[in-house]
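Per TrEMBL, the features are:
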type	residues	note
BINDING	A:D101, A:H209	Mn(2+) 1 binding site
BINDING	A:208-212, A:334-335, A:383-386, A:S390, A:409-412, A:K485	GMP binding site
BINDING	A:H240, A:H334	Mn(2+) 2 binding site
ACT_SITE	A:H409	active site, GMP-histidine intermediate
Amino acid sequence: MKAAFAGPLERVDSCCYRIPKSYRADMRVDGLIFANDALIESVKKDQAPDQVANVATLPGIQGASLAMPDIHWGYGFCIGGVCATDPAEGGVISPGGVGYDINCGVRLVKTNLFWDDVKHHVRSLVKGLFHTIPAGAGRGGRYKFDAVETRRLMAQGPRFVIDRDLGVPRDLTHTEADGLIPDGDPDQVSDHAVKRGAEQCGTLGSGNHFLEVQVVDSVFDADVAKAFGLELNQVCVMIHSGSRGLGYQVCDDALAAFRNCPAKYGITLPDRQLACAPAESPEGKKYIAAMRAAANYGFTNRQLLMQQAREVFAAEFGRKWEDLGMELLYDVAHNIAKLEEHVVDGKRKRVWVHRKGATRAFPAGHPELPDVYRAVGQPVIIPGDMGRASWVLVGAAGSMERTFGSTCHGAGRAMSRTAAKLQAAGRRIDKELESKGVIAMASSRMGLAEEQPAAYKNVDHVVDVVHEANLSRKVARMRPVGVIKG
DNA sequence: ATGTTC
């Protein structure tokens, strides 16, 4: 067990705590952790708050070093962290602030089916999904691309596969950034990374990645739910995956390339894992170009996962996926750094917003939102755990005022993987889930143990905080009925 | 998260 946080946590309001910059001489800004009085107790138990303070020392950081209520310890930066840096003030870019899984994210696919239509098909659907969609570490899939095609895929994003009839053009407008982060450069991605990615597009991966069949079990905002096309008892498919070995390798390559940057650019770091370079330095620019290309691979991976799920549903119900209403609600990235315009201390600035386990949550009216959602706000997709719930929220105005347009990304771990495995010894997690009405298939028993519901905080409590803080508002709660995992 | 310690 890691040591508990020993520094000050001042209560700002009912859903926010502050680590004042006076805590340490090297902090340039405050740390702010969004949590209520109950959640902050679990937050204090590990060193994630120390990581929030560490991030507050980075050159060019703006506003505050931020953390969402699903905060937990990660590589250098905590997971659930948000940090914005101004390149005009020597602001840095840091691979640890994005995460190893570049453009890990989640998409929600709607259907026109209801629970009564699906309840006798769940076991068959889960089997079909499990045998169609490759899952597990290192697994390749049915879509194989050579190096040239993989680089083209990174330059074009999901459009590359949609042009090959693996989806439809309207999938793009329902993906963050229209499924294409501009100015990605596949030539900045190493041959090694490309090779790892060439066979893995359209595969789920392992760890917390999943594909779930879910049912809308509560609607909290009827108007927004209607605008999103969601209603009570409707069946949806949620997909959580990232950029697989390709993104991992891009991160690893960048960490190696950044090793001497702190000395070269005169940056003092409290933790070597915060390796970073000025965003406008040659090293910074190279990572940004490669990270953007890897992000486009991540969107494409989820596009191919969705397409396979559409095929499985079509086969199960003997109807085309279009006739089953399998439309994409939205796809969001929760591990990424993006250049965005924000108002800081009354001044409009272009800043590098690092979201590591945090979701963009732009409110109604934001110019970057697609036409379909500009009047209502961005759909925010929040995966929970495989036994309890996941959520659809909508971006709210408070995010622009307090968190650089960001909200939480999930439930957040409450138990280490090791602790979860110990807890699961002698138990059958799949049987326990089945007794609660969830059919789960996983390629690894151990994986299922590490991901058991009790390993996570209750996502409802996390969502309560971001709702109350007005970072994003509750729209609908989904309960899982079928799960496939790596 | 990850060819889960190239």
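Glycine residues also receive a Cβ, built from the backbone N, Cα and C atoms like all the rest.
Predicted automatically and left uncurated, TrEMBL annotations should be read as such.
Known features from TrEMBL, placed on the structure.
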{"residue": "A:D101", "record": "Mn(2+) 1 binding site", "Cβ neighbours (10 Å)": "25"}
{"residue": "A:N208", "record": "GMP binding site", "Cβ neighbours (10 Å)": "24"}
{"residue": "A:H209", "record": "Mn(2+) 1 binding site", "Cβ neighbours (10 Å)": "25"}
{"residue": "A:L211", "record": "GMP binding site", "Cβ neighbours (10 Å)": "27"}
{"residue": "A:H240", "record": "Mn(2+) 2 binding site", "Cβ neighbours (10 Å)": "25"}
{"residue": "A:H334", "record": "Mn(2+) 2 binding site", "Cβ neighbours (10 Å)": "31"}
{"residue": "A:N335", "record": "GMP binding site", "Cβ neighbours (10 Å)": "28"}
{"residue": "A:D385", "record": "GMP binding site", "Cβ neighbours (10 Å)": "24"}
{"residue": "A:H409", "record": "GMP binding site", "Cβ neighbours (10 Å)": "28"}
{"residue": "A:G412", "record": "GMP binding site", "Cβ neighbours (10 Å)": "26"}
Express the distance between the Cα positions of A:N335 (GMP binding site) and A:H240 (Mn(2+) 2 binding site) as a whole number of Å.
12
List the Cα distance (Å, whole number) between A:L211 (GMP binding site) and A:H240 (Mn(2+) 2 binding site).
6
A:H409 (GMP binding site) and A:D101 (Mn(2+) 1 binding site), distance between Cα atoms, whole Å:
14
Roughly how many Å lie between the Cα atoms of A:D385 (GMP binding site) and A:H209 (Mn(2+) 1 binding site), rounded to a whole value?
11
Using Cα-Cα distances with a 10 Å cut-off, which of the binding-site residues A:H240, A:H334, A:G412 are near A:H209 (Mn(2+) 1 binding site)?
A:H240
Filter the binding-site residues A:N208, A:H409, A:G412 down to the ones within 10 angstroms of A:H334 (Mn(2+) 2 binding site), Cα to Cα, kept in sequence order.
A:H409
Given A:N208 (GMP binding site) and A:H240 (Mn(2+) 2 binding site), what distance in Å do their CA atoms have, once rounded to a whole number?
8
Any idea what DSSP makes of A:G412 (GMP binding site), helix, strand or coil?
coil
Could you tell me the C-alpha distance between A:H409 (GMP binding site) and A:H240 (Mn(2+) 2 binding site) in angstrom, no decimals?
11
